[in-house]
Amino acid sequence: MSALRRHIHPGWALVAPFLLLVAALYLGPILNILWLSVTDPEPGLGNYQKLFESDSLLRIFWTTIRICLITTVGSVFLGYSIAYAMVHCHEKQKSYMLTLLLVSFWISILVRTFSWLMLLGHRGLVNNALEGMGVIAEPIAFMRNELGVLIGMIHYMIPYAVLPLLVNMQSLDMRVMNASRNLGATGSQTFWRIYLPLTTPGIVASSLLIFILSLGFYVTPAVLGGGKVLMIAEYISVQLLVTLKWGTAAMLAGLMLFGVLAMLYIMSRFMKLSTVFGGSS
Amino acid sequence: MQDKQFMRETLVDGAKAFKEGKMKRRTFLTLCAMTGFSAAASFPGGAEAAADYIVMWNWGGQSEECHGGAIGKPHEAAGGLPLRFDTSGPLQGKIKEMVDSGNVTADVCDADLFDAVALGASGHLEAIDYNVVSKDKTLPNYALDHGVSIILYGYAFVYDTEAYGDNPPNSWADFFDTAKFPGKRSLYKWANGSLEAALMADGVDKDALYPLDMDRALNKIKGMKDDSLYWGSGSEAHSMCVNGEVTMGMVWQNRGRNIEEDTEGRYKLVMNQALAMPGAYIVPKGNPAGREEIMKFIAQAQDPDAQLQLLDCLGMTPSNPAAFDGIPEGQQPYAITSAMNIDGVAFNDPTWWGENGGDAVNAFLEAIS
């Protein structure tokens, strides 16, 4: 901002047309959506009022936030372990691991979701095997409930956790850790007091990324939730396509948008977001 | 669905470029192959509904060859335009968006009759021309201003014969009675069928369902929530039964037959108290092929032979009373309007659903989630 105030670089004139185009193409539809939320079906704040009138909308919000939080914690935890292993293993193994990670990253979400049904479903591989071995009498209900949704989502999100963490861990100066050991700290002390704090930007980056992506999840809850796990994205789609309550849909979409922006703003009060997203500070 | 839409748009642009000579034939064919469309289904002007074609907007799958053979061919033979398909699924919201945007690319939607009530009232549909289309060639309540029922589908249930042996369930009351018939159940996630079934289970007469008593229906549904799964697509309903996840499952009645076959008779369809749903042809306002042409097409679809072919091909039941007698022996147990089943089925009221469907779906979703 201060740079802008001092003088406007002539370079801006070159990019200005494109900036304006992008702004128009992004802001136009978004403003249209926000406009819908206060005009459809009738002008006023009726759509927002619904939030306070119906506890079901709040419940859907709560379900969404709860699932997103658990997904974030679960995938960042697993992703951290994987990234840690990747940084510290042999170069060759590391490239194998990276390949596997990217392959799973590229496979369509539908395929990955339905594979879980094959694996953990009622007649899935795991249940069949356990039953065959006589360990269980009845199949375990892994799928078609909230547990199923969480398994599917955490699995899907792990690559998103690993990649920012990996970048962060690779950029660390390992001599710091050696110095810590040299000064008499144990391995776990070094990890908790040196390594973990140094990887905080990576943790924050992947948490933000995963939480925001999870908010919009649609396919996985619909397929693995057995119809009982209703998240906000699916609800919005039903309001758009089936019940034609576009005002409600626009209101919920607007709230999501501002929720995410507010979250980014709060984060930016505590740390430089540009370091989180890999820019120089 | 989104992807399909995107592919379709890509292809339409490709088709335009090809027509104008900006794209080589080979490039265009490659594009067709990449997007997974056959060239025949999307030749220049095809998918975009120039007036050279009629575009039917449906849910894809087998229905392409079935509708093409049963209605498209005879219509073309009678001098009409050839039939093409858009298989991205004509949900109410998409039809509304298409008409509002002014870029109408479909001529006829294979939709529900309650869509005709909802979208007709808001001015998004062409009125049916009953000088061309016949009110007598469908069931009496199913010829409405903005849509006419061509086929019927229905909500019935299948049960696991091994679970219930000598005393099989035979009504929705049995379906909802988890004490007498223990086991998991599956219901349709988007409310219709499920609400009616719950009311019949609660003792409402099948001919006195409407207007639906929502509180009563939702209470019944909630009472069985812990034992229920909810499906959103036919294949999901199918796999829940075939994989043994439920001992009784609500299904679309034509799927019931596939489930019986896939489980080698272990699961059996019950048609008693099935809810007949009028599937309908509706026409987006300002359809490219014109109102006159599309009305002739719809009239063709009312022909008993066309309807019986659809029954044979898709298991969709004829709505034209003249076709009821022609339902073959093998389809009797599965068809809704067969002599065997017609007295036991309940009939959906599209007007109630058109006017109250949105609120009903939301109330249902809120009750089950």
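Glycine too: its Cβ is placed from the backbone N, Cα and C atoms.
According to TrEMBL, the domain 'ABC transmembrane type-1' annotation covers A:61-267.
If you look up TrEMBL, you'll see A:12-38 (among others) marked as transmembrane segment.
Cβ atoms under 8 Å from those of the transmembrane segment (A:58-84) belong to residues 51, 97, 101, 146, 149-150, 153-154, 157-162, 165-166, 169, 199, 202-203, 206-207, 210-211, 214-215, 217, 221, 229-233, 235 of the same chain, restricted to positions at least 6 beyond its ends. What TrEMBL records for A:58-84 (among others) is transmembrane segment.
If you look up TrEMBL, you'll see A:96-119 (among others) marked as transmembrane segment. The list of residues near the transmembrane segment (A:96-119) in space but at least 6 beyond its ends in sequence, with Cβ under 8 angstroms from a Cβ of it, reads 82, 85-86, 89, 125-126, 143, 148, 151-152, 155-156, 158-159, 162-163, 219-220, 223-224.
Per TrEMBL, the feature transmembrane segment maps to A:147-167 (among others). Residues 67, 70-72, 74-76, 78-80, 82-83, 86-87, 101-102, 104-105, 109, 112-113, 116, 120, 141, 199, 202-203, 205-206, 209-210, 213-214, 217, 220-221, 223-226, 229, 278 of the same chain sit 6 or more residues outside the transmembrane segment (A:147-167) yet have a Cβ under 8 Å from a Cβ within it.
Taking Cβ pairs closer than 8 Å, the transmembrane segment (A:203-224) reaches residues 64, 67-69, 71-72, 75-76, 79-80, 109-110, 113-114, 116-117, 143-144, 148-149, 151-153, 156-157, 160-165, 168, 230-234, 237, 256, 259-260, 263-264, 267, 271, 276-278 in its own chain, all 6 or more past its ends. TrEMBL lists A:203-224 (among others) with the feature transmembrane segment.
As annotated by TrEMBL, transmembrane segment applies to A:244-266 (among others).
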What residues in the same chain, six or more past the boundaries of the transmembrane segment (A:12-38), come closer than 8 Å to it by Cβ-Cβ distance? 44-45, 47-48, 246-247, 250-251, 253-254, 257
